[in-house]
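A.B. asks: Quick one: structure below, then a few questions.
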Amino acid sequence: MSTILESLPTGQKVGIAFSGGLDTSAALHWMKLKGAVPYAYTANLGQPDEDDYDAIPKRAIEYGAAGARLIDCRAQLVAEGIAALQSGAFHITTAGVTYFNTTPIGRAVTGTMLVAAMKEDGVNIWGDGSTYKGNDIERFYRYGLLVNPDLKIYKPWLDQTFIDELGGRAEMSEFMNQAGFAYKMSAEKAYSTDSNLLGATHEAKDLESLESGIKIVNPIMGVAFWRDDVKIAAEEVTVRFEAGQPVALNGVEFKDPVELLLEANRIGGRHGLGMSDQIENRIIEAKSRGIYEAPGLALLYIAYERLVTGIHNEDTIEQYRENGRRLGRLLYQGRWFDPQAIMLRETAQRWVARAITGEVKIELRRGNDYSILSTKSPNLTYQPERLSMEKVASTFSPRDRIGQLTMRNLDITDTRDKLRVYSQVGLLTPGESSALPQIKGDDGK
């Protein structure tokens, strides 16, 4: 039997990831009318644009759910977000501005915790609102089957009968109104938004055009820093880490990581910190474009990276960055709990993050404009006296450096010989304006 069901399994329990929005509301009621036994599961991910989580399961029952549960995913979401930060699991950047993989982290948490809750209720069929062209359909597929190997997947948006009857938002709104729910369709935005406590994603519709910029977006986690009428005062912020964990902001210690990240969001959001415009490759290798927000993670990342560069040596930092980029791709692909991802993540958490103890003071201005004002750590290997040009006790002398430079003659000679070979076979033909050396053979040719 196929894992993916193309038609509604009537008479059986079907779990649906229920947001309370028009799409999942219409799908739930439609499944009920068609003979399935729908169960609704809502993840509390601390979405900044959701103000009443408790009302969502009640609406699901009203629309026909046989059962509805609200699953608090915030603690796990923040734990996975900090793990991603510790391992630098961010592979999408443009000119040094980073996307913090906030949606992939949210999917890892939602996909595992909701399916675990369904399994407790004896629900082994799962549906959600992801479309066949996106990343989430594969992410949820992988995470769901990891938790429940007996899981079957039913997605109304892959069921042709559902599509024929309720193929668009107007049809869904009319369907709900005719059912007596007086469902008022929200005003259409120029883009779609998905969010959690870690960050927000804005994409699709008008944002599919690269002629539309960030200015059409109304931020939900911070301010529109590009607007002249938005006044933003410079602000100094201190961030403290202990053994890789963020523990304090502006001298205030937080026992609860969720509360710390909420405060980091408020601080960064006042400046529009962490917003980025990215073109990326989806899992299926088609390119897409998104506008992202992550004010809190961006603030923590600035401080964390500063301490990484001050504490670890060059080879460790290089390995951390290479592994982080690879891990970021695995996270994006829905492989956050795969063995290769766990290996990369735990390596960074053990050998990089564990040494990260210290405090960084940052001045935030507008958007991603900031300055680092001070860096303190008992683990710093940055020792300016080693390189001071003043008369100080030194770890090495001028004579030591002469010897070190003399040893470089070996590889310089090898490099010169190799360039000569390349020149002789026509691989190097520098013009007059080239910075490449004019390599000649022993005969002067």
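In case you wondered, yes, glycine gets a Cβ from its N, Cα and C as well.
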A.B. asks: Taking Ala43, Ala108, Ala116 as the options, which does Swiss-Prot list with Ala17, Phe18, Ser19, Gly20, Gly21, Leu22, Asp23, Thr24, Ser25, Gly129, Thr131, Asp136, Asp194 at the ATP site?
C.D. replies: Ala43
A.B. asks: Of Ser87, Ser173, Ser192, which does Swiss-Prot put in the L-citrulline site with Tyr99, Asn135, Arg139, Thr201, Glu203, Glu280?
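C.D. replies: Looking through Ser87, Ser173, Ser192, the residue Swiss-Prot assigns to the L-citrulline site is Ser192.
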A.B. asks: What's the CA to CA span in angstrom from Thr131 (L-aspartate binding site) over to Arg139 (L-citrulline binding site)?
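C.D. replies: Cα-Cα distance, Thr131 (L-aspartate binding site) to Arg139 (L-citrulline binding site): 12 Å.
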A.B. asks: Largest pairwise Cα distance, Å, within the listed ATP binders Ala17, Phe18, Ser19, Gly20, Gly21, Leu22, Asp23, Thr24, Ser25, Ala43, Gly129, Thr131, Asp136, Asp194?
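C.D. replies: 19 Å is the greatest Cα spacing among the residues binding ATP.
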A.B. asks: Cα-Cα, whole number of Å: Gly21 (ATP binding site) versus Thr201 (L-citrulline binding site)?
C.D. replies: 17
A.B. asks: Max Cα distance spanning Tyr99, Asn135, Arg139, Ser192, Thr201, Glu203, Glu280 (L-citrulline binders), Å?
C.D. replies: 19
